[in-house]
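Taken from Swiss-Prot as is:
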COMPBIAS  1-12  compositional bias 'Acidic residues'
MOD_RES   GLU4  4-carboxyglutamate
MOD_RES   PRO5  4-hydroxyproline
MOD_RES   GLU8  4-carboxyglutamate
MOD_RES   PRO10  4-hydroxyproline
MOD_RES   GLU14  4-carboxyglutamate
MOD_RES   PRO15  4-hydroxyproline
MOD_RES   GLU18  4-carboxyglutamate
MOD_RES   GLU20  4-carboxyglutamate
MOD_RES   GLU25  4-carboxyglutamate
REGION    1-26  region 'Disordered'
Amino acid sequence: RVLEPGXEDPDVGEPAGEYEHHLLEX
């Protein structure tokens, strides 16, 4: 599941740290 910046949902089950890391890699 791809979340949009500023709209990340803590219920997604994935740590926000990894989500932000993907944005940076990204």
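Quick reminder: no glycine exception, Cβ is built from N, Cα and C everywhere.
For the modified residues listed here (GLU20, GLU25), the lowest count of other CB atoms within 10 A around the CB belongs to GLU25. Around the Cβ of GLU18 (4-carboxyglutamate), the number of neighbouring Cβ atoms within 10 Å comes to 8. GLU18 (4-carboxyglutamate) sits 10 Å from GLU25 (4-carboxyglutamate), counting Cα to Cα.
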